[in-house]
Amino acid sequence: MPRQRALLDPLRGSSARNPPPPERAEGDEEEEEEEERWSTIPPELLGEVVRRLESSDGQWPLRKSLVSCACVCRRWRQVTTGVVGSPRDTGMITFAASLKQPGPRDLPIQCYIKRNKTNNTFCLYLSLTQTFMDKGKFLLAAERFRHRAHVEYIISFDADDMSQRSNAYVGKLRSDIFGLNFKIYDGQPPFDGAKASTNRTSRRFASKQISPQVPTGNFEIGQVSYKFNLLKTRGPRRMLCTLQRTAENSRKVHQKIPRADASGSDAGSVVLKNKAPRWHEHLKCWCLNFHGRVTVASVKNFQLVASSNPNGAGDGTIDVNEPVLLQFGKVGDDMFTMDYREPLSAFQAFAICLTSFGTKFACE
């Protein structure tokens, strides 16, 4: 202890070999004292408080009280995130981490997308009611950019910050020259040991890292392709999606955003195909049953189901009773619904829906 006192005493510890420690800002000390005061609450009591909030605050905007609890201090964050279930178990989105976790097994999470043609932006909202008129809870935003012959969609937590150098950056979507093949990139590694894309246009420069141990970049997690149909002899658009499964328990606790879960040991991928519409002889058009969630006919409308072909090659058969994992459709000039469920996350579903925008000359 004498040496510590000497270091704190400028009269006796001001040597080059033993410099005094840097002075701490008064605000930092007050913040630490405040955090220490809140962290002294017994975890059992705190857990009971959070459980009561969880049971009473069913929907937004009431669920923001749970987010407030998680923002108090590290101890509160650990207890709150431990009590609040994932979307797969609860069917609810609470934290930003929920956007990269799979949706519920049974009933889908209902969202909608607003398009702004003037600035090429798309915003994803969580539906708060069964109508299409509620303001919704903002989840994600995307902006379309053209790089020479390619198109990219930057996806962000902040509608006013679309920089890949920002902490709000979530991922990106990139198309080929024809707009028929897309690659989905995650801004954080989907699993331990994942390698970032080496494509020059897919790198993320000057990134602000949450932790020096967490690599940042663009990690390919999926592909979406549309069947080439230049002669227009095959009817409406035909989609094939291949998404990488990642293990929830393989990520490190210091990663910024939890990854989408997968069952078992979690290797491999999930293959989705669009559900083929039927021709309505009376209406003279292709039809799908969206159960009232889509009200405007559009070539962009689709439903995705699991494909029987795990390799994604060939056509693969689709059971008519196969549950719809993602459906997207038009309800207004610039309004579209998006309903998703397991194994898709909100981020994956949003990226897939973005591929439907834009004209596809060799597809429709």
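A Cβ is built for glycine as well, from the same backbone N, Cα and C atoms used for every other residue.
In TrEMBL, annotation is done automatically, which means it is predicted and not curated.
Taken verbatim from TrEMBL:
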REGION    1-41  region 'Disordered'
COMPBIAS  26-36  compositional bias 'Acidic residues'
DOMAIN    38-80  domain 'F-box'
DOMAIN    99-359  domain 'Tubby C-terminal'
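Secondary structure counts, DSSP: the domain 'F-box' (38-80) has 30 helix, 0 strand, 13 coil. Counting residues 6+ beyond its ends, the domain 'F-box' (38-80) has Cβ neighbours under 8 Å at 92, 94-95, 126, 128, 137 in the same chain.
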